[in-house]
Amino acid sequence: MTALAETPPRPAREGPGGRLSDALWRRPRVLLALLLGPPLLWLGVVYLGSLFALLAQSFFSIDEFSGRIDRTLTLRTYGELLRPANLDIIWRTVAMAAAVTVASVAIAFPIAYYAARYARGRWKAVFYLGIMLPLWSSYLVKVYAWKLILAKEGIVGWGFESVGLGWLLNAFLAVPGIGGNSLSVSPTGTFLVFVYVWLPFMILPIQAALERVPPSLVEAAGDLGATPAQTFRTVLWPLALPGVVAGSIFTFSLTLGDYIIPQIIGTSARFIGLAVYQYQGTAGNIPLAAAFAVVPILIMGVYLYVARRMGAFDAL
Amino acid sequence: MNPAVSFRGVSRHFGEVRAVDGVDLDIAEGEFFAMLGPSGSGKTTCLRLIAGFETPTAGDIRLFGESVAGLPPYRRAVNTVFQDYALFPHLSVVDNVAYGLMIAGVPKAERRRRAEEALAMMALPGYGSRRPSELSGGQRQRVALARALVNRPRVLLLDEPLGALDLKLREQMQDELKALQRKVGITFVFVTHDQGEALSMADRVAVFNEGRIQQVGTPAEVYGRPRTRFVADFVGSSNVLPPALTALFGGPPKWASLRPEALRLRPPEGAPIIGTVQGARYLGASTRLVVDLGTGPAPEDRADIAVLLPGGEPVPQPGARVGLTWEPAALHVMGAA
């Protein structure tokens, strides 16, 4: 009792560090400005600035004879973008991105559900390791590994042959539009590798969304008569939707922008990313490359708008 | 008539843990039945066994005479009010209440009307368009009740439904729940760790401890004639007397219980039992006094007993010598240990 009463009040902090923290404590806005300033500067100037510089390029045009960039504002480049060959590229890329996203959701949801609901302790660690481990190795190594896996003499073909289902694989590869000489030079191969490479980006947001759903909600739905399928449709899916949308932003936009996988695996048909890469590089047509780069931004904008209108973010 | 719920030798083990261990129980139709016990005593697991969220390791559960073995929750004519209410956050209040009807395929207009009716019965008219997150704890509780009752279940299961409410609201909801049960006439099975809640609301109470039922009876039976020391100790704030002390109070040398309110103070001269006041705790309407009946100053000689002094009586100071009298009929000798 007396010992407590005799303790002197806390002495003032000595030195410049102490005075600084006292001063910042009294002026929290200054502290906030110091903390947020550098990242906002980075985001605003370096990131958004260069993005707008790129977009501005899309309103320039290229002189077809000299190959010089004409810096007068025009929509000519966009007219070029709408030529059938270029529309073909856009359509092919969007269809691939949509297919990859749908397949990723279908594969990721059960994994995420298991991890959120049942995995505890060590199994949770195993789950995170299993999801993250592929991200530790180089993207190129993984893609080339898949080229070998999917090659005509690769393990997939060998597996089909050795169980006597080689004819099935060949019949599948004969289907126009998705097949090819072997899986590694077919659109199906491109699709498989995209799904493999982007899957972690779908699992983690869905898992985070499902983690926030109390188990009692699932029980309550069952208690009120919902079969597991109805519970999924009316409770789990709507509550996981923000996570699904977040994951699909990753898979969709990463597929829209990727230019390496379609080069290594698949037919020689071009994708948006590859077109951007080629126009700004070898062709030196920066305006058209910039116009191509606008397409994914527009598509993602429309996608998010539709998702919002459909109530995807209501459960946030 | 078949009982609404019957347990025959029901056990639920989680690995080594025997959450429920050989429970036999009959709950009559239309009864307000409380399952009372400390946390981990198996009462909630019993409720979840009725709902179908757990399957028994052994034994048979029947609802209205029919075995529910292998029957999933969505095929059982029971509904649950969850401890955390488990309202769907992405649905409005009226859609929450109408959820069961929607699943059952009731047309939209009809289920809206019935949900609004149920909300009106719960004194929540006009709240239908809100989100659960916009409601207070008491309101959420009513929505959870409406959501369960709108399906007209044959048995309503309530898992500590008042646990999250503050004291005032809890007392109000106790009265409302009791009135509601009389009105709808559905069997209510109510899980609680609060003995006051169980005694004041239930027609019958089952006292649980370590996965077993210690005693089943009316509140008066469980309170006045506890069968075991655990029940005497847990239900109410009874004095549990060891055999020696029972003899001092004129009973056979066995364990017994004696309610604090059955004891009265009197001057020590000529009193049958004399003790020393150890402390007093003011409870508002009464004062709880601890009196040491021990024979010596050593700690092992102490024999504390609680006495409930009605309000208005003078409260003796600690250290004062007091005499005790009691109603002999209130001394309840326990058959089982």
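Backbone N, Cα and C define each Cβ position, glycine as well.
Record features (TrEMBL):
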DOMAIN    A:90-307  domain 'ABC transmembrane type-1'
TRANSMEM  A:30-56  transmembrane segment
TRANSMEM  A:89-114  transmembrane segment
TRANSMEM  A:126-146  transmembrane segment
TRANSMEM  A:158-179  transmembrane segment
TRANSMEM  A:191-210  transmembrane segment
TRANSMEM  A:235-252  transmembrane segment
TRANSMEM  A:286-306  transmembrane segment
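Between the transmembrane segment (A:286-306) and the stretches A:30-56, A:89-114, A:126-146, Cβ pairs under 8 Å are most numerous for A:30-56. Contacts between the transmembrane segment (A:235-252) and the transmembrane segment (A:89-114): present, as 3 or more C-beta pairs lie under 8 angstroms, all at sequence separation of six or more. Ranked by the number of CB pairs under 8 Å to the transmembrane segment (A:126-146), the listed stretches A:30-56, A:89-114, A:191-210 are led by A:191-210.
Non-local neighbours of the transmembrane segment (A:30-56) in the same chain are 24, 290, 293-294; each lies 6+ residues outside the stretch with a CB under 8 Å from one of its CB atoms.
Long-range Cβ contacts of the transmembrane segment (A:191-210) within its own chain (Cβ-Cβ under 8 Å, at least 6 residues beyond either end) map to 96, 99-101, 103-105, 107-109, 111-113, 115-117, 131-132, 134-135, 139, 142-143, 146, 150, 183, 236, 239-244, 246-248, 250-251, 254-255, 258, 261, 265.
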